[in-house]
Amino acid sequence: MIWTIILLIQAAILYCILTHRKRYKTDPPLDKGIIPWLGHALEFGKDAFKFLARMKKKHGDIFTVRVAGRYVTVLLDPFSYDLVLTDRDSLDFSQYATVLMDRIFQLKLPHHMQNQSKVIMKKHFLGMNLIGLNTSIGRHLHNLMKAELSVNQKDWKEEGLFNFSYSLLFKAGYLTLFGEQNNNVTDPSKIYKEYRTFDGLLTKLARGTLKPEEKKLSQSVRQRLCALLSPVGGGEEDSGAGSWVHSYRRMLQDEGVDHDTQNKALLMQLWASQGNAGPAAFWLLGFLLTNPDAMTAVKKEFRGISQTSETCLFNVKTPVFDSALEETLRLTAAPFITREVVREKTIHMSDGQEYRLRKGDRLCLFPLLSPQMDPDVHSEPQIFKHDRFLNQDGSPKTDFYKRGRMLKYYTMPWGAGVNGCVGRQLAIHSIRLFVYMVLTKYDIELCDRNAHMPDVNTSRYGFGVLQPEGELQSSHKDWRCAQWCSGGGTLESRCDTALQGLNWRLLLRAERRLLDHCPPHAPGLTPATETCLPASALLATC
Ligand code: HEM
């Protein structure tokens, strides 16, 4: 017994000697926490925003914390971000990405393949190819929405807004990037269901904190997803929008990667490409539904979009929508921008101080805390203001200041610099198309008109766009029936109601379809010109 105690004491002393870290004058403030080895890991994992805000208050814009045996330097001075985002020599993006790939997807790929994969993505997701992808997303969204709410449905359909947004954007994105021209394409609903289970375990997978039964579940759902993705990208190559997945699979094959690993790599790409747009669309729709002024402004802008541009909205300018989206992402995009320090580096802070980053430590930026929620940069940062990124004249606002100095990074949902988001344009177009379709083709409202936005799931800080804790219940229906087949009032007043929310062209199109779609619910409807005088009158003035 006595020997066991002596051995334990010796082990503890040895541990303290080996892990002892002294702070030098040039080091950022050091906060190891009181729990040996773990340090601040528990608080960090539970609510990183709250923890880092507390550390910022205690230490300022740079500090080093111990998290599960690692020393992580957190930098929160946006004037110094460029030094990090443009440095490939001292700071490495792929080492930490490799750790996460292994933990989440059990995937090991050599570094050079990550670079090759990025080259392929840039080729397919930027420039002219983006137009094809947009058209494809638009077509899939249209079909999925049509299937979601059949045109004859006259009753409101109740659903959680998060699931509604995530499922539609996920399926449209999946069909566009993984399914086009592929005859073996798996039912997107099946993939979505499995994916959501996997997504729910993601943060615990990344932190290695799964309980035994969750570990089993994660393994089985990962296997099922890999099996579902197995046929993807393996068929005849086409030259259309889906060719990214063929090029990607072929690159892996040419490098001698086995089929199982190829499928895990595809699962990782599914997560990277589909994990953020749906949640972002949810927050945006939620903010619009709980802020009537914002909803009116966005709908007004959408009403001005001509019918010819409607299918893919490619060259359409929508500054009001863009500002509302940027504001949404300011509040909800919460990635950690993480880099391994592979060579000692000095960070120059805006207050003139200099600090040394030690080789072997990890560096982390958290733009949600600074600059996105910094009251010195954005007034009343907790509040959604749809026009925060608009000038008085309606042009996009890009000048934001901190301590009188103009900021380059006043919001950073897409990262920036050499490892900034490759899918940014595609994601923006997909969200815009989705919100446009929902607001112009659906009647959508909150089940509880006084409902507030749900809280965020605090365990997801650091993993891209946040997700809600719980749901925001909404009801929606195909507006053609919603506007015409139910409700009281004269037909003329129904026309006026429809006009308030909708584009007049859509209204006229609806007139043409009315008798086809809604005869049992619209007794007494006569041809459009007689019943819809306001719309015809409006047409005459155009
Ligand atoms: C709302 C949607 C999205 C958000 C908020 C988002 C955010 C981000 C952020 C913050 C990074 C930088 C990570 C870092 O520097 O450590 C990033 C990187 C990346 N994103 Fe996105 N993303 C979105 C959608 C997409 C889509 C649709 C795709 C692909 C189709 C995509 C592909 C990528 C890739 C490949 C990288 C890594 C770039 C590299 O290796 O250097 N993202 N994204």
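Heads up, residue numbers simply count up from 1 along the chain you see.
Just so you know, glycine gets a Cβ as well, placed from its N, Cα and C.
Features reported for this protein in TrEMBL:
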type	residues	note
BINDING	ARG103, LEU109, ASN276, ARG362	substrate binding site
BINDING	CYS421	heme binding site
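Within its own chain, LEU109 (substrate binding site) has THR98, MET101, VAL257, THR261, ALA265 as residues 6 or more apart in sequence whose C-beta sits under 8 angstroms from its own. Across the annotated binding residues for substrate (ARG103, LEU109, ASN276, ARG362), the two most widely spaced Cα atoms sit 24 Å apart. Among the binding-site residues ASN276, ARG362, CYS421, the residues whose Cβ lies under 6 Å from any atom of ligand 1 are, in sequence order, ASN276, CYS421.
Spatially close to ASN276 (substrate binding site) yet at least six residues away along the chain are ALA333, ALA427, GLY464, VAL465, judged by Cβ distances under 8 angstroms. Note: the Cα of CYS421 (heme binding site) and the Cα of ARG362 (substrate binding site) are spaced 21 Å from each other. Counting only same-chain residues at least 6 apart in sequence, those with a Cβ under 8 Å from the Cβ of ARG362 (substrate binding site) are ARG70, TYR71, VAL72, THR73, TYR96, THR338, ARG339, GLU340, VAL341. ARG103 (substrate binding site) counts 16 other C-beta atoms within 10 Å of its own C-beta, drawing on all protein chains shown. DSSP assigns ARG103 (substrate binding site) to a helical segment in the three-state reduction. Neighbour count (other Cβ atoms within 10 Å of the Cβ, all protein chains): 17 for the residue listed as 'heme binding site'. ASN276 (substrate binding site) carries neither a helix nor a strand DSSP state and counts as coil.
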